[in-house]
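J.: What TrEMBL shows for this protein is this:
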| type | residues | note |
| --- | --- | --- |
| DOMAIN | 245-476 | domain 'TOG' |
| REPEAT | 24-62 | repeat 'HEAT' |
| REPEAT | 101-139 | repeat 'HEAT' |
| REPEAT | 178-216 | repeat 'HEAT' |
| REPEAT | 217-255 | repeat 'HEAT' |
| REPEAT | 256-294 | repeat 'HEAT' |
| REPEAT | 295-333 | repeat 'HEAT' |
| REPEAT | 338-376 | repeat 'HEAT' |
| REPEAT | 377-415 | repeat 'HEAT' |
| REPEAT | 416-454 | repeat 'HEAT' |
| REPEAT | 494-532 | repeat 'HEAT' |
| REPEAT | 533-571 | repeat 'HEAT' |
| REPEAT | 572-601 | repeat 'HEAT' |
Amino acid sequence: MAGVAGPATGSGAAGGDGDDSLYPIAVLIDELRNEDVQLRLNSIKKLSTIALALGVERTRTELLPFLTDTIYDEDEVLLALAEQLGNFTGLVGGPDFAHCLLPPLESLATVEETVVRDKAVESLRQISQEHTPVALEAHFVPLVKRLASGDWFTSRTSACGLFSVCYPRASIAVKGEIRQYFRSLCSDDTPMVRRAAASKLGEFAKVLELDSVKSEIVPLFTNLASDEQDSVRLLAVEACVSIAQLLSQDDIEALVMPTLRQAAEDKSWRVRYMVADKFSELQKAVGPKITLNDLIPAFQNLLKDCEAEVRAAAAHKVKELCENLPMEGRETMIMNQILPYIKELVSDTNQHVKSALASVIMGLSTILGKENTIEHLLPLFLAQLKDECPEVRLNIISNLDCVNEVIGIRQLSQSLLPAIVELAEDAKWRVRLAIIEYMPLLAGQLGVEFFDEKLNSLCMAWLVDHVYAIREAATNNLMKLVQKFGTEWAQNTIVPKVLVMANDPNYLHRMTTLFCINALSEACGQEITTKQMLPIVLKMAGDQVANVRFNVAKSLQKIGPILDTDALQEEVKPVLQKLGQDEDMDVKYFAQEAISVLALA
């Protein structure tokens, strides 16, 4: 059959016995034996088409055995195969025959490459739902047992992901066996297997009866949380959330908290990091009483941990922790038990810690109210606005709106605005650039009057900055401001100031005028562009500097579509024709390009 070649057009084309239904599988076999990986990959991706052509019976009796026997290939081919088989139930005859898909997937679940194993497990989980309870016990559970007792750690790690899908529908006797297998994997000699078991512990706990959770899962959790490998211990922290959600307050206190306290002080920073990272989920799972007695002290320790990664992870959770505290006495608790630690972090030596804190600290103002924000938080915001790390400053600026809601614009302007102005004039151009990018956001938060009074002059100053990137960003900034504040504001406030620069002795500033006109014309519309901007552009066509002249041609091409035909024919066309005869090659080129784009030839 493998030797069949050529398209099966006639009745004798495949094999000479008149059976051209052999053709699809023959081609597949040829392609799967091809040396070209891409060909093999393509044929795997067409499996469903081939299965349809073969029909359900031949898919079961020929295609699947063939696939099971040929599982030795490049990882990407195996990955595609594992993915395809997950959606194959309909192609083998429906749920009654779903068990036929287990052998190839079982082989894939034991290969060395993790990505392939994970995809095979995902497909097996999908197919398990299509088994009837009887078929599940007859075919699926034995597969899980085989994988769980396999010689290679690869099969045992794959087994860990399958317990939770077959447990709920198994009989009581089989449930006992499944729990036994899971227990043995939790104490496996290979750390990779214990890791896999720890990562699925919470998921498995959710499908168990409560008594089994207390009598079996909790001891497993305790053991895994004190495993010699930190990579296993940190996964036990994740399981802690799921287990705590299933237990009563008293049981959590007695069975889970001793282990969690130990994890929060673990000698490995990775485990402590995991506790910090999962803190909000842990807080919700254990409830308010245990949070106050146990988690707050643990959180304080994490905020002053010796490892920067742990402090940063904890800092990220500050706002969520405070939001989730019980309303009664929340303010006092934050002020006394959390804020002192936050004050320390504002001057932390590590920029990631400060940045993490800056991204959430503004949110505390809505929780603590106006007076506390002004008295306690504003000094911290100010310190962070002046931090040498740009990310810290940006995180503060981008969250100003929530402080504005609490303390009002006047208070905000007196305290934080001088710091923002200072940054806008910073000696480092990247700092100035970052502030420009936040200007439309700030303008939206502060309103037009306030903006004109305090920040307008800054925006204009940036247009004549000595760094091109700043001038370019300032031009885009103007366009965004016009979109925010409207054309009337642009006409009265921005356009006159931009047009004055057309007479600047520095040719770079004259060019900036053109760039601004390009950006503003669309936002300002036809009337302002024709009456106020166009005359200036046309006048600059006589500039002595060639760079300015060719930018005039580019500007006319840009604003042309906004102008009416009269203006184009009577004013723009003669100027472009004159520039088309310019002695400078570039000016000529851009003028001619503008003429053809605007169809003025």
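The backbone N, Cα and C atoms fix where each Cβ goes, glycine too.
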J.: Do you know the mean pLDDT across the repeat 'HEAT' (572-601)?
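T.: Mean model confidence (pLDDT) across the repeat 'HEAT' (572-601) is 86.
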J.: Where else in the chain does the repeat 'HEAT' (295-333) make close Cβ contacts, counting only residues six or more beyond its ends and a cut-off under 8 Å?
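T.: Residues packing against the repeat 'HEAT' (295-333) from afar: 260-261, 264-265, 269, 272-273, 275-277, 279-280, 282-284, 286, 288, 341-342, 344-345, 348-350, 352-353, 355-357, 359-361, 363-364, 367-369, 372.
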J.: Just give the helix, strand and coil counts over the repeat 'HEAT' (178-216), going by DSSP.
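T.: Across the repeat 'HEAT' (178-216), the residues distribute as 33 helix, 0 strand, 6 coil.
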J.: Within the repeat 'HEAT' (101-139), count helix residues (DSSP H, G, I), strand residues (E, B) and coil residues, in that order.
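T.: So the repeat 'HEAT' (101-139) is made up of 30 helix, 0 strand, 9 coil.
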J.: When secondary structure is assigned with DSSP, how many helix, strand and coil residues does the repeat 'HEAT' (494-532) contain?
T.: 35 helix, 0 strand, 4 coil
J.: Near the repeat 'HEAT' (101-139), which same-chain residues lie under 8 Å Cβ to Cβ, leaving out any that are not at least 6 residues past its ends?
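T.: 64, 67-68, 71, 75, 78-79, 81-83, 85-89, 92, 95, 146-147, 150, 152, 154-155, 157-158, 161-162, 165-166, 169-171, 174.
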J.: Can you break down the repeat 'HEAT' (295-333) into helix, strand and coil residue counts using DSSP?
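T.: Summed by class, the stretch gives 28 helix, 0 strand, 11 coil.
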